[in-house]
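Here's the structure, in structure tokens; my notes come after.
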């Protein structure tokens, strides 16, 4: 069965780009079983109040924060990369994409083999102790939570291990400035699984000369994009790679 023209055009634009970058959102990880934040009925904010995930809320009661987030941490800890993650890692290995900017906090891009990953919202894969500044891994914190224990620091016993994610009310991490530079540098941006509605990351596509969007829902940039594909990312990215190999 012939591939759709949108797949062929995306393959041509990516393969001819001098500096292509990728921006991913929660939609790429839903195929790995990780819920996104805003989908009706399944999104995290359908079940939890975002106000419970502010830096003030964490500092006030970190143990309550962990009890609320523990179900998601268990899912992330067990999740495996899907074909979409693998395809993007392959595109980096082949030199077609230069960097990968992600809004995700699950670490699946690195698990799939991507190297130049900029985590603009941080990562749940590690946490940092406020007292001794040493890091703990997600698996260690998960074991404590599963056993019904508070996720105190395993190094010093302090009780303020904070996940290395950007909570509401915190400044953006250094990776965001690097991502901004990548967006300014690129001549082609591939957006995968992002609604592009969360500032300031959602503004990055405005700098791209050529914009390709793969997302099940609409985005504010659809009218400005050269290619818009409203489907799941795994098969689409696999098809794009197959088309690039045939060029």
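For all residues, glycine too, the Cβ spot is worked out from N, Cα and C.
A TrEMBL annotation is a machine prediction, not a hand-curated record.
Keep in mind that what you see is a predicted model, and the values were worked out from it rather than measured.
What TrEMBL records for this protein:
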type	residues	note
DOMAIN	1-247	domain 'Deacetylase sirtuin-type'
ACT_SITE	121	active site, proton acceptor
BINDING	129, 132, 153, 156	Zn(2+) binding site
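The Cβ of residue 156 (Zn(2+) binding site) lies under 8 Å from the Cβ of 129, 131, 132, 134, each of these being in the same chain and 6 or more residues away along the sequence. Ranked by how many other Cβ atoms sit within 10 Å of their Cβ, the binding-site residues 129, 132, 153 place 132 at the bottom.
It is 22 Å from the Cα atom of the residue listed as 'active site, proton acceptor' to that of residue 153 (Zn(2+) binding site).
Taking the mean position of the Cβ atoms of 129, 132, 153, 156 as the Zn(2+) site, the remaining residues of that chain whose Cβ falls within 8 Å of it are 130, 131, 133, 134, 154, 155, 157, 158, 161. The DSSP secondary structure for residue 153 (Zn(2+) binding site) is coil.
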